[in-house]
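Here Swiss-Prot flags 1-25 as transit peptide, drawing on experimental evidence. The N6-succinyllysine feature in Swiss-Prot is assigned to Lys69, Lys179, Lys212, Lys217, Lys259, Lys271. Marked as FAD binding site by Swiss-Prot on the basis of similarity to another entry: 158-167, 191-193, 306-308, 316-317, 374-378, 402-405. Taken from Swiss-Prot, the feature octanoyl-CoA binding site applies to Ser167, Ser216, Asp278, Arg281, Arg349, Thr351, Glu401.
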Amino acid sequence: MAAALRRGYKVLRSVSHFECRAQHTKPSLKQEPGLGFSFELTEQQKEFQTIARKFAREEIIPVAPDYDKSGEYPFPLIKRAWELGLINTHIPESCGGLGLGTFDACLITEELAYGCTGVQTAIEANSLGQMPVIIAGNDQQKKKYLGRMTEQPMMCAYCVTEPSAGSDVAGIKTKAEKKGDEYVINGQKMWITNGGKANWYFVLTRSNPDPKVPASKAFTGFIVEADTPGIHIGKKELNMGQRCSDTRGITFEDVRVPKENVLIGEGAGFKIAMGAFDRTRPTVAAGAVGLAQRALDEATKYALDRKTFGKLLVEHQGVSFLLAEMAMKVELARLSYQRAAWEVDSGRRNTYFASIAKAFAGDIANQLATDAVQIFGGYGFNTEYPVEKLMRDAKIYQIYEGTAQIQRLIIAREHIEKYKN
């Protein structure tokens, strides 16, 4: 483990029993004789959860409203998360990282999102940017680009979406042409999280101009240094929610990239880009659950304090039933991301469960944020109270990393295919 990470863990409590090895990061749905599985977390998972929870409640929540209003990038919080080992959790131990599984990353993500999903998204975007390198990079690429992120707080970004190609990834127009030992990239990317803060990018390009070539062979993925000549970073976008997250457009104009920065080889980019989602969609779902849990907690506390018609809100059946519905939804959404994470950590293809988790948790986050505002009444519509921010922040969970509708297409395809086979 990197020295900085060791120092970070000592900040909150002694965790000398942490060995941070992959075999110690099994999901909570572990096999038990006679029962089949258990919901009990390992001691290490409980430690990670405690550290993340303490950080979110004591350091993120107090400043989240200010970051939301200013739109300032939360680098002090990101640096602190890096010191505590709550960022770059997927990076292999061979590159100086913790080598945690998806399940463990989800536990951390839920806690961070409870504090502020804008901060959590800035952190989680690193995992998305890193994932193509983690699953498809060679040893040299991993050590060079992942290793540097364990040495100091550093960001990366996943550059796939374009102005005219969001859900239709196969419709991207950014091109890469091979010229000698280099590739020349030209095109534009849009809505790139960490776009203006990244040290390097994963960039998906069309390397075969023939429209008849299938997507599985037409695209190539590159690692591109952010300071490469020809890269032009656009203005920071002012979004409806998650405002402290850095979202920008990026233009590539005759950007030269060495052939050593190709992941796997020409034509492998589409599979790499899509494969990354199987590992990151569970954590996105976990972020949505963190927001949903916050909405439930805020609504419940308010209903226990606010009186109307001579009694507490919770004493009105309509409100208590609404809280019950909210509680059911958040518990089921949590189980959905845990199942998706458990599947991939167990070495199984989890596309079906990852899409279920992403779609369901994203919808639940929006429903619970709306319900929380309703319970707060007029106060919920005011910026002095936390739930209006939750409602604004929640919407993006139905859009980024695959819209709610795209997830349903994937779920339907996977479901029907099972019956065909």
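Placement of Cβ uses the backbone N, Cα and C atoms for every residue, glycine included.
Worth saying up front: this structure is predicted, and the values here are computed from it rather than measured.
The structure, with features from Swiss-Prot marked on it.
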residue	record	DSSP (3 states)
Lys69	N6-succinyllysine	helix
Glu162	FAD binding site	strand
Ser167	octanoyl-CoA binding site	coil
Lys179	N6-succinyllysine	strand
Thr193	FAD binding site	strand
Lys259	N6-succinyllysine	helix
Lys271	N6-succinyllysine	helix
Phe376	FAD binding site	helix
Thr403	FAD binding site	coil
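The shortest Cα-Cα distance between Glu401 (octanoyl-CoA binding site) and any of the recorded positions Lys69, Glu162, Gly166, Lys271, Phe376 is the one to Gly166. With respect to Cβ neighbours within 10 Å, the binding-site residues Thr351, Thr403 differ, and Thr403 shows the lowest count. Taking the C-alpha positions, the distance from Thr403 (FAD binding site) to Ser167 (octanoyl-CoA binding site) comes to 7 Å. Long-range Cβ proximity for Asp278 (octanoyl-CoA binding site), meaning a same-chain Cβ under 8 A and a gap of 6 or more residues, is found for Val344, Arg349, Asn350, Thr351, Ala354. For Lys179 (N6-succinyllysine), the spatially nearest entry among the recorded positions Ser167, Thr193, Lys217 is Lys217, judged by CA separation. A coil conformation is recorded for Lys212 (N6-succinyllysine) in the three-state DSSP classification, outside any helix or strand.
With the fewest other C-beta atoms within 10 Å around its C-beta, Lys259 stands out among the recorded positions Lys259, Arg281. Once the Cα atoms of Ser167, Ser216, Asp278, Arg281, Arg349, Thr351, Glu401, the listed binders of octanoyl-CoA, are compared pairwise, the greatest separation found is 21 Å. Nearest to Phe376 (FAD binding site) in space, judged by Cα atoms and limited to the recorded positions Ser167, Ser216, Lys217, Lys271, is Ser167. Note on the binding-site residues Glu162, Glu401: the fewest other CB atoms within 10 A surround the CB of Glu162. Comparing Cα positions, Thr193 (FAD binding site) lies closest to Ser167 out of the recorded positions Lys69, Ser167, Lys212. It is 17 Å from the Cα atom of Lys212 (N6-succinyllysine) to that of Lys271 (N6-succinyllysine).
With respect to their backbone Cα atoms, Ser216 (octanoyl-CoA binding site) and Lys271 (N6-succinyllysine) stand 6 Å from each other. Around Lys217 (N6-succinyllysine), the C-beta neighbours below 8 angstroms that are at least 6 residues distant in the chain are Asn208, Gly267. For the binding-site residues Tyr158, Phe376, the ranking by surrounding Cβ atoms (within 10 Å, all protein chains) places Tyr158 first.
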